[in-house]
Amino acid sequence: MSYRELVVELAREHAEALSDALLELGALSVSVEDADADTPDEQPLFGEPGLVPDRTAWQHSRVVALLAADHEPAVLLAAAANEIGVAETPAFTVREVEEQDWVRLTQSQFEPIPIGERIWVVPSWHDAPDPDALILELDPGLAFGTGSHPTTRLCMEWLEQSVKPGQSVLDYGCGSGILAILAKKCGANPVIGIDIDPQAVESARQNSERNHADVTYGLPDACPDGEFDIVVANILSNPLKLMASMLASKVKPGGRIALSGVLARQADEVAAVYARYVDISVWREHEGWVCLAGTRRESH
């Protein structure tokens, strides 16, 4: 059996309504994406910590609908547009999609990822290419962080070079737990992972169990008092700026902090906020993203 994939690019104000209308009219599945993804105009859609995002679609959105082969895309789209009060049917493209073993196809798209000098991130259906390396077994899932994104890679490279056995580490915005797990495998103890998303916390716990990594996870209100040798936060620039005082206060005097989720063009602005508390600069850049790293000044 084959399917049809309908792709429509349109303004934010119509994206969610159109996706709902397409589902009501018989689409098998519909997703809304950033039409500017992987470009300088990409817009992350995350709320500030503890807040709901102020928008639910991107300024330039792409609606992707999977249709049964007997559905006529143009007719369906015209009906959906009429349903939401759009007089003119938006421009669209259609391609045929053959039925496949979707599990096998998805798995084939995720190969082991080498990072740094001795790290491999390995999906569960693959064998580790180098059994003597630092192996993190991690499957793509709901929580952010599998090593494929430049910001995750940057933070992992920094941790590999920075963590010393016995140091305490706080991973704030832990997502899948990948950075916390790596810190533990590098010898850190204790390691704490914090995230605002309960689903991410649960995913991180499961990933740590799979990797035999003793990491404590929780929501922000469970973040322990006290200071850490290392604090790492791979989030986004706005939350990083809002939480600068809190994150810096979690670093021991003389301890180190690494920040990512920051585009190169945002680096100076983020660094300026943290400069009140730590000596910080761009540690490394990769594919337009940066990792900022610094040391908390000693108390006097």
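Any Cβ shown, glycine's included, is placed from N, Cα and C.
The S-adenosyl-L-methionine binding site annotation in Swiss-Prot covers Thr152, Gly173, Asp195, Asn234.
Cβ neighbour count for Asn234 (S-adenosyl-L-methionine binding site): 27 (other Cβ atoms within 10 Å of its Cβ, all protein chains included). Under DSSP, Thr152 (S-adenosyl-L-methionine binding site) is assigned to a helix (H, G or I) in the three-state scheme. A strand conformation is recorded for Asn234 (S-adenosyl-L-methionine binding site) in the three-state DSSP classification.
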